[in-house]
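Trainee: What TrEMBL lists as active site, proton donor is Glu97, Glu327. Per TrEMBL, the feature active site maps to Asp233, Glu352. According to TrEMBL, the feature Ca(2+) binding site maps to Thr450.
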Amino acid sequence: MAMDGPAADAARRRVEALIAHAVDGYMAHAAPADELRSLSCRGMETFGGYALTLVDALDTLLMIGDAPRARLALDALRASHLAAERFALDATVSVFETNIRIVGGLLSAHELAPAVLGPSTSVDDLLDLAVALVDRMLPAFDTHTGIPFCSIHLVHGVAPDETPETSTACGGSMLLEFGVLSALTGEAKYYAAARRSWLALAAAAVNGLVGSHINVQTATWTEAKATIASNVDSFYEYGLKAGLLFGDHEILDAALELIASAESRLARGPWYVSLHLTAGKLIHPVGPEHLGAFWPGLLTLAGAPARAADIAMAYTAVLRKHGMLPERFDLINNAIPEATHPGSAAWHLRPELVESYYYLARADRDSARWLLHAETIVNGLEDVARSPCGFASVKDVRSRLRLDRMESFVLSETLKYAWLVFAAHPRADLSHLPPQMRALVADDGFILTTEGHPIPLLGRDWYGRLVASGALLRSRPSSVHLCNALHPAGISPPFAGWLALDTAFHTGLADRDAARLANDGTDTAFRICAATSTGDPMWTIVVGPDVDLSVVPAPSELDEPDHVIMTSIADIDIASGVTPLFAWRGPVAPAVLPLHGRSHTRYAVTVVEAGDQAVLAFPPALAMCWEASGARFGLPLQAGAWRDVAVPTVDFTCAPRPGSVGTALARRGGCTFVDKAAQARAQLGAELLFVANSPGDAEFIDMIGVGGADEASLPTTLMVSAEAGDELLALARAGPRIQLRLRRLVGERHLAFQGTRVANIVLLDDEGDD
């Protein structure tokens, strides 16, 4: 059964009516209370007495273009006690829930309101409220690890007897909101706090997995249960989304590795188990938890929609069985485990599955199946959950008994995602939306937080603002396309025809990053490329007028010139067990490339013009490239042609053992950079010194001298990442010498496919320096 454009529009309008029903019921019977008792039609305070549903629902009204109700909600918020008290409330609140629901709602409304209510709409007070609230939350982050306490009193701060145990989701779900706040205010402290917390959790991973609860003072796991669902879920989500949105490579690289590890170790077909971190024992058997239904959406955003679709269809089978998705389902007994897990039969009108349908619908706009599945969820809302003044949570999906409560996420997420699914139809009529909002919805011009609050992309330059604030320093050039990042874990390669972020944002980000890095360091920002051998190319990529992108062997090895492969990215067929840079099909396969999902490494090619074709030639051993920062002392840096140098074989910190080497590697710390260079010259006779940055540190420190007379004769010194340092040392296995090339970042060219830059590729010119 198909769903054409008019049918999708009718379904979208149906959802708009459901949103209006819920908002009208809340405004009439509950506002500004936190939530609506949807059976008795009364308000109730559930979290902090801070107008939860009012704030949480505001951007939903803006996104669907309901300007009258959005104005009423905004006026009600401004007339509430929050405007006067600025969150000086006598309440102990959840740091996690307050951030994702209130802070996220305020910031999203701040960004979207002018597009719907008019450019002259004043929204400064919304940002002021978000700042006031987060400033009251920041003391929770004052721990030895930077991971926040899970609760805080909005006036008195963290209680002396507050438990040091918090969930991974709490400590790992601050990046998006705090990052936007730093970008908008110019205050680095917000994103710095969120970033430190997320990285501390990532660093505590055991065998690539994180637990569910952790001690905020010691970073030891207090609940060593590895899962993709409750108490962990949004940790993965925020690492991926913040890395994409802000161009934060340290976060993005770690998130991709952790997601791949979860896929590798927790997946059992389309389902996921829970494991003990260290013992590796099964904690929960294979059985879906409703909260885990967000995972297909995450994988789709990460570029694995085929795998995501399999998981989503498995959840859909449970949905069809009951018409609603229960909290937990027992696959072994094909039943809801209410006896062993009380509450499993409930449906709290959660958004996770319809959220995944949205991402999948965007990835595969030619398929209507995700819209049809979303319609099943909408039917459950209208036929079972609807009450006279809103929507009631379902206590038991079998008996259809209901609870007297409508959670705020019903409006901020569930109904919003349902609306977005139908708006994703390729022939959807969005002409009723204001032009700016229509562009955002039609072009996927936003990132959604874990509470469904959209952060617009168009014209925002979040990365630039974070750099200006000092919250993000010298981030490496972006590789946001995640080529092959998940493939080593067994996930199908990315669907390159669809990206969650808008194309203009993607294609411009890498060049802006490179320019900023170069301008920031003036003459000290470079890319270094090393190859273990040179000579004729092993294989080439030919981009011609009749194909988008093709892989063929080098001309000397080409037997049949018609073996040009891949004319449609949608028809990719990957050879089993191969990790390619590009997908191909046909009898001729190129060399296997050692990408392994490491986005900190680039691979160099040389571009040769050949009439109406551009030939991209790879060296036989494949040149590897890394970003580097040059010192302001030592022998002059010479960018340009390849030169033959010794492989670094000595690895030291401050005092190397005497020897004779041309190139050495020093680890950061223990002494000054000048001291390291002086020791490399005196003890080793080195002419080239690499300084490996601290592990996990993406910032390249400016290596300045102390003014000594002999500093000009010190070795040429380049700082690289810790990972690059390890890879340079590993090159010794290929031989004692390497070909090295130093080039400036400004003016760098990249390979693009269908207007989108391809990750992990750097184009090198034959003519020397740029």
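Positions of Cβ are set from backbone N, Cα and C atoms, glycine also.
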Trainee: Given the recorded positions Glu97, Asp233, Glu352, Thr450, which one's Cα is the least distant from that of Glu327 (active site, proton donor)?
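Mentor: Result for Glu327 (active site, proton donor): the nearest of the recorded positions is Glu352.
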Trainee: Work through the active-site residues one by one (Glu97, Asp233, Glu327, Glu352) and point out the residue whose CB has the fewest other CB atoms within 10 angstroms.
Mentor: Glu97
Trainee: Within 10 Å of the Cβ of Thr450 (Ca(2+) binding site), how many other Cβ atoms can you find? Include all protein chains, please.
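Mentor: A 10 Å sphere around the Cβ of Thr450 (Ca(2+) binding site) contains 25 other Cβ atoms.
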Trainee: At the level of the C-alpha atoms, what whole-angstrom distance separates Asp233 (active site) and Glu97 (active site, proton donor)?
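Mentor: Asp233 (active site) to Glu97 (active site, proton donor), Cα-Cα distance: 14 Å.
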Trainee: Rounded to the nearest Å, what's the C-alpha distance separating Glu97 (active site, proton donor) and Thr450 (Ca(2+) binding site)? Just drop the number here, would you?
Mentor: 10
Trainee: Which whole-number value in Å describes the distance between the Cα atoms of Glu352 (active site) and Thr450 (Ca(2+) binding site)?
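Mentor: Spelling it out, the Cα of Glu352 (active site) and the Cα of Thr450 (Ca(2+) binding site) are 10 Å apart.
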